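The next block holds one structure in the form of structure tokens; read it before the comments.
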Amino acid sequence: MPKASHQDLRFAFRELLASGSCFHTASVFDPMSARIAADLGFEVGILGGSVASLQVLAAPDFALITLSEFVEQATRIGRVAQLPVLADADHGYGNALNVMRTVIELERAGVAALTIEDTLLPAQFGRKSTDLIPVEEGVGKIRAALEARVDSSLSIIARTNAGVLSTEEIIVRTQSYQKAGADGICMVGVKDFEQLEQIAEHLTVPLMLVTYGNPNLRDDERLARLGVRIVVDGHAAYFAAIKATYDCLRLQRGRQNKSENLSATELSHTYTQPEDYIRWAKEYMSVEE
């Protein structure tokens, strides 16, 4: 079977956006997981920013990974991927000019699409970790991203955190990003179908949801009718890999103590030590959670 080119995969992603169906992402974090996802029939994969931070730095999701580190991992995946890969490009690694550099590098890495979010990252002195940038700045980032791409088949998706906004504020932001030319809108933190319906009726571009398995949004047919084309349930595959590695090595060492039989969540916490970063952010930056 002939291999798909990067542009082929970008067109395949656009076909998903143009379809009438809803597709769930596979969490791909290295070349092997990308090959597995494609072989199992997943239509789309995602390289999450949080997962890249774990994989490359063994660090929690505090915007610590650099653009070059993220691009290197995306490039490794892009060499072998035979499914469209969506890159979670966080805040674009800086201002609108940095966003342009991010788009250039990720396009060369071979991703099919990328998200740019409007969270104020990295955390700023004296601000909340969930604060958003002004909508005007977010619009500038989307416009800059569109200007920077060479291959027009690369999809640029604007992302916002619905969990920290009123429904009215979500509508204003998402409509602004749609008007700026975003190929799709990604939202994290949508509570339920009632809220989604209120937002969706104001938008015409395809939608992407990061649900983390929210039980109030588990109806693919209903999601599809509301324009949702991509759903990110989370990154279970990555955490399962951590758990499998731990269990295998623990068995090799003959450590059968039940107290050491940790869950994937416990393992992630143990080996990334997020409480240290929270303490440092509060102590050195006066960042409020």
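Cβ from N, Cα, C; glycine included.
Remember, predicted model here, so these are calculated numbers, not experimental data.
Features reported for this protein in Swiss-Prot:
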- S50, R159, H235: substrate binding site (BINDING)
- D88: Mg(2+) binding site (BINDING)
Binding-site residues listed as D88, R159, least Cβ neighbours within 10 Å: D88
Separation of alpha carbons, D88 (Mg(2+) binding site) and H235 (substrate binding site) (Å): 12
Residues flanking the substrate site, with Cβ no more than 8 Å from the Cβ centroid of S50, R159, H235 and excluding those residues themselves: I46, G48, G49, V51, D61, D88, V210, V232
Between the residue listed as 'Mg(2+) binding site' and R159 (substrate binding site), the C-alpha gap once rounded to whole angstrom: 9
Neighbouring C-beta atoms (10 Å sphere around the C-beta of S50 (substrate binding site)): 19
Around the Cβ of H235 (substrate binding site), the count of other Cβ atoms that are within 10 Å: 21
